[in-house]
Amino acid sequence: MGRTREAGCVAAGVVIGAGACYCVYRLAWGRDENEKIWDEDEESTDTSEIGVETVKGAKTNAGAGSGAKLQGDSEVKPEVSLGLEDCPGVKEKAHSGSHSGGGLEAKAKALFNTLKEQASAKAGKGARVGTISGNRTLAPSLPCPGGRGGGCHPTRSGSRAGGRASGKSKGKARSKSTRAPATTWPVRRGKFNFPYKIDDILSAPDLQKVLNILERTNDPFIQEVALVTLGNNAAYSFNQNAIRELGGVPIIAKLIKTKDPIIREKTYNALNNLSVNAENQGKIKTYISQVCDDTMVCRLDSAVQMAGLRLLTNMTVTNHYQHLLSYSFPDFFALLFLGNHFTKIQIMKLIINFTENPAMTRELVSCKVPSELISLFNKEWDREILLNILTLFENINDNIKNEGLASSRKEFSRSSLFFLFKESGVCVKKIKALANHNDLVVKVKVLKVLTKL
C-alpha cells in the first residue's frame, strides 16, 4: 500500500504542477498587450509542448534535480517544456519529495519551487512562452472575418521555437511529421492604425493629417473612419473654419461620387456639420445639385437619403442657394407622399424653408404634385406631421396673398400645388375637420390657419 499511496501522491503533484505551468503560460502570454493571439493549426499530439526562447545566448542544461538554471544574465536560453518527459527537474524533485515522506503538500511545494525558478529565469530575460520565431508578415489581400476593414492575421516566416523547432528533444526521439504545412489565413489587408480616435477634438495640424489620409486612400474602412472624425470635429465652430482653410471641403465632397452608400452617408454628415458655417456654404454650393440628384434617386428611406435631405435642409435655411434646387420641387413632393414617417418630416422641413422665401412662391405653387398629398391632413397622422403640413399650407397661403397670385389662377394647371391648396377647396375642408383634434397644440395651429383664410 505504501508504494501505491506514494504513486498516487506523485500523480496528484503532477496535476498540480501542470496547472501551475498553465497559469505561468497564461500570465506570460498576457504580458505583451500589443500582441494578438496567433491562430495556428497544431497537431493534437503536440498540444502539451510550449517552447520558451530568449533573444540571445546558449541553452541551459536541465539536468536531473537541478531544474532550469541560468548560466549568465545576457547569454542564456532557458528551455521550458510542459510535458512530463521534458521536465526532468520537476520529476526529480517530485520523486525526492516522495521518498522523504513529505506527503502531497511537500510534492506540490517542490513542483512549485521548480516552476518558480523557471518562471523567474524566463521573466529575467524577457522571454515569451509560445513565441513564434522569424518575422511576421501579412497575407495578401482577401476578405477576412471580423469587420468591414478586417483585422490582420499574421503569417509565419520561421519555425516554431521550443520542442518542435529546437532540433533535439530531451525525451524520446520523435519522428518527423509527414503532414503538409497548413496554409496561411488569407486576409483582405492589414489593419490600419488610425492615428486618432473618432471623437478626438483635433488641432489644425492634426486635421491636416486626417485630410491627407482621406485624400490618398481608397480603402473604404479608412475613408469611413476619417469622415466620421472630420464630421465630429466639424461640429465645433473653430474647426469648421480650420477645415475650410485647409481645403477640406473639396476633399470630402469628392466622395459624393463613390458607390459605397456608407461612405456617401458619412460624407453628407460631414458636409452637413460644415454647412452650419455661412462661409462653408459658399464652398458646398458647388455640390448641392449633385447631392440633390443623388438623394432623389437613392434607395427610398435609406440612411443616405436622410443624410442628403438634412444637408439640403441646412443649405436652404437662408435664401442664397434655394434657386439651385427649384428644378427638384416635383421630386420633393413625390418623396413627401412616398416616404416613411421620418422621410416625410425631413422633406417637409426642407419645403418649409422654400415657403419662407416669397421669391420662390411662384415656382413652388406651379409645380405638379400628387393629388394624394391631401391625405396628409388626416387626423390619423401624429402631431409632428400635422404641425408641419399645416405650417406649409399657412406659409403658401400667405405668400399667394402677398405676391398677388390669386388673380393669376389661370396660369396654374389643375395638377399644380396652387390648385390643390387654393382652388379645389378639399384642403380647406380637411383643415376644418382637424379643428376637433384631440391634441391641443394641433387644434391651436388649425384655428390659427383658419383665421387667415
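Keep in mind that glycine also has a Cβ here, set from the backbone N, Cα and C atoms.
The feature region 'Mitochondrion outer membrane (MOM)-targeting sequence', as given by Swiss-Prot for the ranges 1-6, 115-120, 121-126, 379-384, sits at 1-6. Per Swiss-Prot, the range carrying the annotation region 'Mitochondrion outer membrane (MOM)-targeting sequence' out of 26-36, 279-289, 400-410 is 26-36. Looking at 58-77, 258-277, 338-357, the stretch flagged in Swiss-Prot as region 'Disordered' turns out to be 58-77. Across the repeat 'ARM 2' (237-276), DSSP helix (H, G, I), strand (E, B) and coil residues number 33 helix, 0 strand, 7 coil.
Per-class residue totals from DSSP over the repeat 'ARM 4' (415-453), listed helix then strand then coil: 30 helix, 1 strand, 8 coil.
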